[in-house]
Each structure stands twice: as C-alpha cells, then as structure tokens.
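The structure under discussion appears below in the form of structure tokens.
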C-alpha cells in the first residue's frame, strides 16, 4: 500500500524507485486520513438533538417578522390615513385655498389665463379647482308675486312704511354648483327658459333666502337695471365643505344684510353696478394625498399667486390669496414630523430585543454543542462545515417562521385597521431581514466556537477572554448611551431644525432611549454573577438542597441563564418606558388641547352672537358660558384677555391643568379692590410681574385702561395662546364700568357637554348666526400620534415575546444538557419532587430578578427621556407647558402580568419534566 508521510507527504523509502545504495531507514508509520464527516445525516441529527433551542430561534424570528411588519406597515399606513383624515376634517376655508381678482371686461380671456396658470402650477393628481364669480350685494328694487301680479317692496309693512334696512342680493355664477348642491324645487337656471327672453334673467335662489324674502318659483325681483325670475330653489349638500369656503351666506341664505346667493349664468353679471370678483377655489383630492405630495402642495400654492399675477390677461386689480388649506397641511405635516420622534423607538426596541435574544440563543447553542464540536473537529470536520451547518439550521427554521410571522402581521392589520394602504414589499423585506439576522448571528456563534483549539488548556476554558470582551462591549455601549442621551437632552427631542426650516430626525439622539436601556441592562447583567455568588454563599449555610442548589446553578451557569435574563430585562424595561411615554403623551396632549380650545366645545365666528347663544342653550345636557376675548396691552407686551364666569369654568372646560384650577381659586379669593387676574409665565417674565403686583390693562384707545392685580401665575391661559390674561367676566364688567369705559361684549361661547361631538354636529347643521363650533378633538394630536403609540406598544410586547422565546429555549437546553445531573441526584437520594422544585426555583429566580431589574431600568430610562418624547409629539403645545411623567397603568399591568404568568408556566413545565425524569424507574445512569 502506498502511504504518505504524515509530515512531508512523500513516498516511503520502501516504495519502488528508491535508491539502493542508501542504507534503509525505519519505515514511517502509515496513517490513514480521517474519513470525511457525513454531512446531511449528521447535520439533521445535530439539529434534532438541539430542537428546543432551534425552536426558540424560530419563535424569535416569528416575533421579529410579525411584529416588525405590523409596526412598519401600520406606521406607514397610519401616516397616510392620519394626514387624509386631518385634511378631510378641515371645514370651510380651512380646507381650501382661493385666489380672487376683479372680473375683467373680457371674462373669457381672464378665465383662460387663470386656467393656464392653475393647470401648470397645481398637480391634477392631488388638487382640483373650480372657477366661479360672485357679485357684491346688489340693491333690490321690488319683488313681484307671479300669481296675482302684486308688487311689494322688500322690507315694507302693510301700511306702506319701511322700517327695515334695504335688502341686497348676492348673485353667483358657478357652473359646477350642481355637484355640491341639490335642487329643492324647480330647475337650475341653465336649464330654464325665461318668460321674457330679452328682459328677464332666470335664477335659482338659496332656500333660506327664499324663505326670508317670501319668494317662490315664478316670482320676479327688480334690480336697478334688470329683472330676476325665480326658476328654482336649492340648498348646499354640506355647507361646511371646503368648496363652499365657509361662507355664512351659503350656510343660512342671509348674512350681513345680504340675501342669496342667487345663481345665474355668468353673462347675467355683465354690467352690474357693483363689483364682481372671480374666484378660483382649489380643494385637495383626499384619496390621493400622501405626506410627500402634501408637502409639495404647500410650495405649489406659494408659487401660484405670483404666477397668476404675472399672467397676461388675468387683470391687475387686487389679486389676493385666501384660505387656510396651506396652514392645515402644514399643521398635519408638522404632526407627522413630530411622530417621527417616536416611530423609530418601537423598531429599535424590537430589534434590540430580537438581536439580543438571537445572539444569546446562538451562544447557548454553541455552548451546548461544545463537546460535540471538539469531537467533530478531531474527526476532521472543517470550521467552514460546522458554520455552514448551523447557518443552514437557522435558515431552515427561520424562513418558514418569518413567512408565517409576516403573513400574520399583514392579516392582523387587515382585520384591525381596514382601509389603510398595505405593502407586501414591506412584509417581504422585514421577513428577509429577520432570517438574515438569525443566520448571521448563529453562524457567528458557531464560527467562534469552532475556531477554538481542539486541545485546550485550563486557561482556554477559564472564560477570561469572553468576560473581557463582554466588559469592553458594555463600556462601549455605555459611552454611546451617554453621548446619545446628552445629544437628546441638548435638543430636547430627537427632532432638529434643518437649514430650510423643516425638521429632521437626529440619528444619534433618536437612539438615546434604547441605548440607555441597553447600557443599563448590560450593566445589570454584568453584576448578576457577583450577586449570584453572594446569594450562593448565604444559601449554602442553610440545610437542604433548596435553595442552595438552585442558587449554585445560577452562579455556575451564569452564561446560560444570561440568554433569558438579558432579554427579559430588556423587554420589561421597554414596556415600562412605553407606558411612561404613552401616559405622558396622553396627559400632555389633553392639557395642550384644553388650553388651546378652552371649553369642551368652542363656538366662534358668529355674526349674531345672541342667536348662537340661544341655539346653544337649547341643546340638551349643555352648560353655556359667554367668553370675552380681546387683544390688550400689558406694559410693553401685547396679550390676549380671556374673561369668563370662573364659577362655571370647571363645568364648561373640564380637564384644565392643575395650575389653572388653582389660579381660579386664587382669583375668587383675591381682594376685589383691583381686578384680580392670572397671567401666564411668559407675560410674567416680559412684564416682571408676579403674584400681588399691580399691572395696567389697556383695552384699546376707545375702551381705556383699567388697573388689575396679579393673583396667580400659570403656565398658560386657556384659549389665549401665548401672553394671556385670565379674569372673571363679571368683575371685568364692574371694573370697566367703574373706569367709565365701554363694557366689552362676548366674542365666543364655551360649552360643556355630555357629548361634545353632538354639539358640533348640531352647529354644523344649523349654523346659528353663522357660528362655527370646534371640539377639543380638533386641537388634539391623537389622530396622528396614536398609531405611533400603538406601534410602540407593539414593539415593547414583541420584546417581551422574544424574551419569552429565549426562556423557553433556555428551559429546553437545560433539560437536555442536565439529564445526567438528574440521575446522579436521584442516585444520591434526592426526591423527584425536590428536584422539580429546584429547577423551578432556578428559572423563577432568574426571571424574577430580571423583571425587577428591568422595571428599575425602564423607570430610569423613562425619567431621562419620556417627558421630552411627549413634548416632541405635540408640536403646537405652549412652550411654557411642562409635560409630566405619567404611567399608562392598565396596559402596563396587563402586559407585565401576562409575561409573569407565561414565564411561570414555562418554569412549571420545565419543573414537571425534571420531576417526571427523576421519578421514572428503571433508567440506567448516563455514562
């Protein structure tokens, strides 16, 4: 047989062809090469032997793919839905933008010029516009009843006297009115034929105007130079629709002494003795809006007015832009920008917990296979082969789990949030990333174990290198957390201002909450072995195996228990931080909305305040309080005075911040020799006035000045914005009367109601006095931020689920690697039940300690970051309003309780398995 030298690989001297004149040397031994390690069967056997740990890997990948898909897709879909809902909720002029100019003598050329500009500057995919023309109020000469031919002067009494103001009509030419209004009776004027084609202009009149003027179909109205004939009556489908621009005349049929609108064909506006203005009204296509297209629209609006002004043929007389749609879009996109302060947090939390769990499971798997790895290496297995096997195992169990998790995440979103846009590409990307992370981490752990020497000294197994690397990693994470937290506190949030005035997420500051959690969890994990040894020494002095044996196992098998302890600490800390952020945001958002709106319902813009107050008082289960809101001067500052009945303020405006409630008591208890008021902190700083100081309130040139005394200083005055003054309305009237000034009238109404939305709906239907009702929901950020908070809860719960999967894998690994210990203890006389209790005590002590430490870590992270995150999520809040750290207790207790019960169940199942194994008769000892 031809053998190769084990050293040189050359033929032996006894082989053919060796020189005969040399003295023969002793033949070198013939060493056979180790047979190639069988791949497929051995790989399957290895995987089956560690199926418990691999099942844990599959569970973690399932959680990462499912929860990650739900978080990303839900956040993206909720951003689009929230933006659309916010813009769609804008009523009247707040939901549209309008360009107006005097109608030219060549209206067709003017219309073509306007259309050319709008078609060029406004994208047809996201915005639609309509042209209309409206006259100023036209004096009415007389109305004629077609039935009996009797002329009656508008506003005349039966005796012929006229004691009412002159009635004026508003004429409207709007070709698209049929799309947003309905006929009550008759026909539209473009479908009518006049009785006298040369002299009569057919018109359809608003039903409210017809009722007010006593007009019916067939009646004629004499204007100065033409006659109108009523051919129809109409009502708007929704007077609050942005396309109507919030015009009181459209809502009620009369406003400011004018009646109408009277719909006519545009040629009927030629030659009127009053001004006629052309309007181009643009409204968004809600279903086409996205955050990116909405931001582009604001720039398009800004470019349109200069383009119209420069367009030949458009006219040169007073082009103006009206409407609040740009501000509405800016507010909505600012809310979306604020949400970006929170949206990375659930992903970072889930990723940190998932990577930690997979990394620890990889270490656990490599440690459990240490003996067989040494054996396989000695039998000729290559490092590449061992790494490939473990990577293949990760891919084999991870790929189906990832597909199942992503599908479950998408299905859950379809069931819980129907109607939102979904993306299969997101699900596929998250699933692939989850599998890739699992493959890389398990392959890395296998590579690290396979690279260790086959023949090892005592120092190789001492773990000093591993502990040094862990300590270095902990220090590195701690330094990164400190720098990130410093950046976070410096900016006050993860959001920073960009050079163009926008906002961007700072990549370092946004990591602060999760890095703080990681650093504290790693620090606690580094300390647990020392604590375990101390407890072991204490327990060893007590008789019996329990608790001495469980604590000794915790101390000696610290690397194995670290897999579950670290992920449990991180998951519990994440759920505590989430509860703090959610609770703080809810409280801060409620306070900010209460301060912005004042009452539960705020009624503004009433042309007839008395009619609005009467209509509000007629509603069921409401408390109505008139409010005086005036701009005043206090020293060098311009401020807003809010005066209302302070005794009813808690009823019409429940939920105001505590300092406002205290200020109400201070005003009521103050000496009435001077008007007692409360001022906000910014006005106090600007005027150097504090409680007890005397200040002067200049109400205006016609209303004089009154003296007041500061009774309290609050963070912000409800309904005033910045620089606010709060006073009792009755005391203000008395002070103004005493000063000889004019008593201010109420500008708005604050209403407390059992159902605020019903009050808003009633005002929307009736529009008494042309008033507009606003609920606190309109000032809340809940529609935009609530999905991000939900995603944060999902991320925290996903982290707890990853921790539970790691615990299950740990219990399985302990069960398979410590079978011999169970039999030895049985041979030494340890009862089976006691062995089960010892195993339960091990797991319960490890997880219980992790829960306590995790709660403490979460509390520290919440103290450092929760208030800033809550403020960042409410961009319109007053600067002086400070968020308080509040826990959302019920979800927190539910999540922690469920996690504790699940871990207890895992520990009980593991203990039961040990008890059964220790009590099974007839087993031989493992050799």
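Every residue, even glycine, has its Cβ placed from backbone N, Cα and C.
Record features (TrEMBL):
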- 51-72: transmembrane segment (TRANSMEM)
- 345-366: transmembrane segment (TRANSMEM)
- 424-447: transmembrane segment (TRANSMEM)
- 468-488: transmembrane segment (TRANSMEM)
- 508-532: transmembrane segment (TRANSMEM)
- 561-585: transmembrane segment (TRANSMEM)
- 791-814: transmembrane segment (TRANSMEM)
- 843-864: transmembrane segment (TRANSMEM)
- 889-911: transmembrane segment (TRANSMEM)
Kindly say whether the transmembrane segment (561-585) and the transmembrane segment (843-864) touch, using the definition of 3 or more Cβ pairs under 8 Å where each pair is 6 or more positions apart.
-> yes
Please work out whether the transmembrane segment (424-447) lies in contact with the transmembrane segment (468-488), by counting C-beta pairs under 8 angstroms that are 6 or more apart in sequence and asking whether there are at least 3.
-> no
Candidate ranges 51-72, 345-366, 791-814 - greatest C-beta contact count to the transmembrane segment (889-911) (under 8 angstroms) = 791-814
Distal contacts, the transmembrane segment (345-366) - CB-CB under 8 A, six or more residues away | 50, 53-54, 56-57, 60-61, 63-64, 67-68, 71-72, 373, 390, 434, 437-438, 441-442, 444-446, 448-449, 510-511, 513-514, 517-518, 559-560, 562-564, 566-567, 570-571, 574, 577-578, 581, 791-796, 798-799, 802-803, 805-806, 809-810, 813, 869
For the transmembrane segment (51-72), distant same-chain residues with Cβ under 8 A (at least six beyond the ends) | 346-347, 350-351, 354, 357-358, 361, 364-365, 368, 393-394, 397-398, 400-406, 408-410, 412-413, 426-427, 430-431, 433-435, 437-438, 442, 791, 794-795, 797-798, 801-802, 805-806, 808-813, 815-816
Can you name the far-off residues of the same chain, 6+ from the ends of the transmembrane segment (791-814), with a Cβ under 8 Å from a Cβ of it?
-> 50-53, 55-57, 59-60, 63-64, 66-68, 70-71, 74-75, 342-343, 345-350, 352-354, 356-357, 360-361, 364-365, 368, 560-561, 563-564, 567-568, 570-572, 574-575, 577-578, 581-582, 839, 842-843, 847, 891, 895, 899, 902-903, 906-907, 909-910
Other same-chain positions with a Cβ less than 8 Å from the transmembrane segment (843-864) and lying at least 6 residues past its termini are 485, 489, 512-513, 516-517, 520-521, 524, 528, 531, 550-551, 554, 561, 564-566, 568-577, 579-581, 807, 810-811, 885, 896, 899-900, 903-904, 906-907, 910-911
